[in-house]
Amino acid sequence: MRASTPHGRRRNNNQVELQHPGHGEEEGGIGGSMADTGGRPEVSLATVRSPGHPAASTTAAAAADLGHADTGQEKPTVESAQPANGAAPMGECGTEYRGLPDGDAGGPMPSSARTVSMIPLIFLIFYEVSGGPFGIEDSVGAAGPLLAIIGFLVLPVIWSIPEALITAELGAMFPENGGYVVWVASALGPYWGFQQGWMKWLSGVIDNALYPVLFLDYLKSGVPALGGGAPRAFAVVGLTAVLTLLNYRGLTVVGWVAICLGVFSLLPFFVMGLIALPKLRPARWLVIDLHNVDWNLYLNTLFWNLNYWDSISTLAGEVKNPGKTLPKALFYAVIFVVVAYLYPLLAGTGAVPLDRGQWTDGYFADIAKLLGGAWLMWWVQSAAALSNMGMFVAEMSSDSYQLLGMAERGMLPSFFAARSRYGTPLAGILFSASGVLLLSMMSFQEIVAAENFLYCFGMLLEFVAFILHRVRRPDAARPYRVPLGTAGCVAMLVPPTALIAVVLALSTLKVAVVSLGAVAMGLVLQPALRFVEKKRWLRFSVNPDLPEIGVIRPPAAPDEPLVP
């Protein structure tokens, strides 16, 4: 629910490298002070440029202006804000990302290399979040028609719109493939940026493990052998391999495949709705039994189907003119997703007598058979299969480009930043595919609950980062700004935070233990990677094309409303 030209660690006459004393090799940084590593210079999420670089004077002046605006203290001179060698002062800029790229021209990629335009981006967001109504059936089984319909009307207001607005503002503000990792690292420091990356990547991989499961659940009524055993295991491996290869071929291919799959996947539900019209009984929509509600399954199903709006931020470095394109695409995608859920839900619950025990994942195919016959059932099953392919490739794109973005910021070893001849992050794709295979044997409900638990922790960090950016940097360049003041933004985040608390509280002990164990792994993994970097067992570097910490650049355009 996520091709460009390859990047490497390039050098030119205007760029110098971070070095150990006595060593001649370049060095990036996982971040934070390195004073405890044998006299190594501090490395935050930044690159160091020589005095001859054109940004050397302007960046210092801009950073001085920021400090003056934010603190009210006397503005430092350019000389005091930037040493003569072009390096950022030691101990400063360790927790703030101050490189705000100039819209289309900023970030690690030139505008000519950005390949994702508006329409493919809308469908990529659609598949990051939804992919269609496949998987929403459990909401009816858990709570009945009325609560299911209310859920898909109310939760977008409580959750989807706030998350999409945060993604629009911060994604346009930081248009690079690190996405939400950079948002958190710039506000809370690189340690917490890494934790954000770990939790969201793991959550994304767990989410991606759902799609082979859903794919086979929709096909098993027609091919019973796929219900379990060796045939199901071989099918999971084969499907994962084919879709991984598609991701390897490039994001442009993935975007246009998403468009074709999206149109094909939604068409049978449009037809099903037309057939259902004469059979609709509105009273069936009002059925409710508050004494027989599985709140855990109900909320997890709603939450899973209406989150992951921020996943598209890890592809922001590949988007054409992200400052304008990303907010508009999110606006259209929110409408698209909500309609794609409510239309078939109203048709299915209103035209077919209620049997809550039948409403589990895959039941829309049975409803199609009841309404239109076997031909419509097979069409829905085919659409489900192709929709799951679209969700898989979109999510894998997001997960793998996130690892690339983290490597370009020195948080992961440099081999994660290497691109294939198609411009895709090969190491990230292979790591993400391996995680999918390891997790795909879990049940649907277990996968949903586990990934929701991890996702909630990541979203809390995003909320904090969003508010901190508003408080600390109210005048920073924002191609798009949520049309609320700081107090309004805090109020907007109260209902989503309450929802997170409820989802976490309703989690089973097994899910909580496994998820908290995964969080604990991240807390240890980041210091372990710093140790590996210190020992020089693996190479870490920062992409010099990324904007420096300590730079404030003027906005590319005045703030624009989300609605075009």
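Just so you know, glycine gets a Cβ as well, placed from its N, Cα and C.
Taken verbatim from TrEMBL:
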REGION    1-109  region 'Disordered'
COMPBIAS  50-66  compositional bias 'Low complexity'
COMPBIAS  67-77  compositional bias 'Basic and acidic residues'
TRANSMEM  118-136  transmembrane segment
TRANSMEM  142-161  transmembrane segment
TRANSMEM  173-192  transmembrane segment
TRANSMEM  231-248  transmembrane segment
TRANSMEM  254-277  transmembrane segment
TRANSMEM  330-354  transmembrane segment
TRANSMEM  374-394  transmembrane segment
TRANSMEM  422-441  transmembrane segment
TRANSMEM  447-468  transmembrane segment
TRANSMEM  480-506  transmembrane segment
TRANSMEM  512-532  transmembrane segment
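Scored on C-beta pairs under 8 angstroms, the neighbour of the transmembrane segment (447-468) with the top count among 173-192, 254-277, 330-354 is 173-192. Counting Cβ pairs under 8 Å to the transmembrane segment (254-277), the stretch among 118-136, 231-248, 374-394, 480-506, 512-532 with the most such contacts is 374-394. If you look at the transmembrane segment (480-506) against the transmembrane segment (118-136), you find fewer than three C-beta pairs under 8 angstroms, all six or more positions apart, and that falls short of contact. Cβ atoms under 8 Å from those of the transmembrane segment (512-532) belong to residues 30, 32, 37, 191, 194-195, 198-199, 202, 411-413, 450, 453-454, 457, 504, 538, 540 of the same chain, restricted to positions at least 6 beyond its ends. The stretches the transmembrane segment (330-354) and the transmembrane segment (118-136) are in mutual contact, each linked to the other by at least three Cβ pairs under 8 Å (pairs 6 or more apart in sequence).
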